[in-house]
Ligand code: C5P
């Protein structure tokens, strides 16, 4: 039996400083802290004195799994300058940002821990204001927000919605929701994805096919579609126009991708060949059934005594068909082998006229069928090959598309 390969270790998450201001929206701060930690971030918290009138130090500390920094801790005897220690975060988010805190920051004050820390921070800062509409739209507040924007600070909201002040009803001033806040602050740390596939059409096939014996019975396989969906999403994020042709899987349509849902190999063939006409890259991750019933019954077949014989006929090989009229297209296949993998995959790439094939092993736990990871070897028709470590399917997709770009580059 093959020993499971070690997963690539996850680096510690980014350190996010959450500053909680004096607004009724401060009660949402513990949820923001929890969402950030769920997404793998480490968190530190500063609560202003006004914030502590709305939310308890205990609930903030519990949600952060860390003590809370306050003006009291700042002024207590300690070995470090707390505002400088806290300012070393990778990003800062100010939740329940009040008009007064905005003014202190825009005015360069250092009279309390929150504003002194903001003066010391060089990391990205996201303000999530929450205040009454009349206050937010006042020229004084808008001028302060503009000053902060001028320094590169970002703003999320405020939104239109019910605002917590008694009798004030709804209007502009409601703070964004915790999930959105956590995503927005972490997005500040994500480097922009290079748009190196802009202008290209990438066609990806995914999932299994179903070959019907009668209207209710079919031959299929356990392909989850995850590998193909990862390739489609990665290509989309890098600027490509993407067509995803998928057999029956439980994954939702990825936004921004043209999805065609099919069942049989013949339907997959039609959809892929049609989409591939103006494509520059075609990636066949679909686990296409090799055979279909020579004659599928149109009515459900009744059970009979004894053995039943089904005649199967080969399905067309879609990758090989694309390979016969390859043109300038880059063609990528996947192959699953249990032995003599590299030689068989190289021969297959040659036979089908694919630029390369990613070879994987159905017997390795947590990879290939259904898993979130994959452990593949890139194999070229000339037999040259590279074994990649166990990676997430998204990372495999990234490297696959890098290689497809290299092939395009050398083909020109
Ligand atoms: O020959 P084998 O099924 O191992 O080849 C696998 C590769 O060929 C995969 O990329 C698969 O999507 C593709 N294929 C195909 N049409 C078939 C069978 C496989 O395009 N009928």
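Placement of Cβ uses the backbone N, Cα and C atoms for every residue, glycine included.
Database features, via TrEMBL:
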REGION    1-201  region 'Phosphopantothenoylcysteine decarboxylase'
DOMAIN    16-188  domain 'Flavoprotein'
DOMAIN    197-404  domain 'DNA/pantothenate metabolism flavoprotein C-terminal'
REGION    202-412  region 'Phosphopantothenate--cysteine ligase'
BINDING   290, 300, 316, 317, 318, 319, 334, 348, 352  CTP binding site
- Across the region 'Phosphopantothenate--cysteine ligase' (202-412) the predicted model averages a pLDDT of 94
- Message: DSSP secondary structure for residue 334 (CTP binding site), reduced to helix/strand/coil, please.
- Response: strand
- Cβ-Cβ distance under 8 Å, sequence separation of 6 or more, same chain as residue 352 (CTP binding site); the residues meeting this, in order, are 317, 319, 320, 323, 331, 333
- Message: Sequence gap of 6 or more, Cβ distance under 8 Å: name the residues on the same chain that satisfy this around residue 316 (CTP binding site), in order along the sequence.
- Response: 265, 266, 269
- Message: Counting only residues 6+ away in sequence within the same chain, which have a CB under 8 Å from the CB of residue 318 (CTP binding site)?
- Response: 205, 265, 268, 269, 272, 273, 284, 288
- Message: Using DSSP and collapsing to three states, where does residue 316 (CTP binding site) fall: helix, strand or coil?
- Response: coil
- Query: Taking the Cβ of residue 290 (CTP binding site) as reference, which residues of that chain separated by at least 6 in sequence fall under 8 Å from it?
  - Reply: 314, 315
- Just counting, how many other CB atoms are there within 10 A of the CB of residue 334 (CTP binding site)? 25
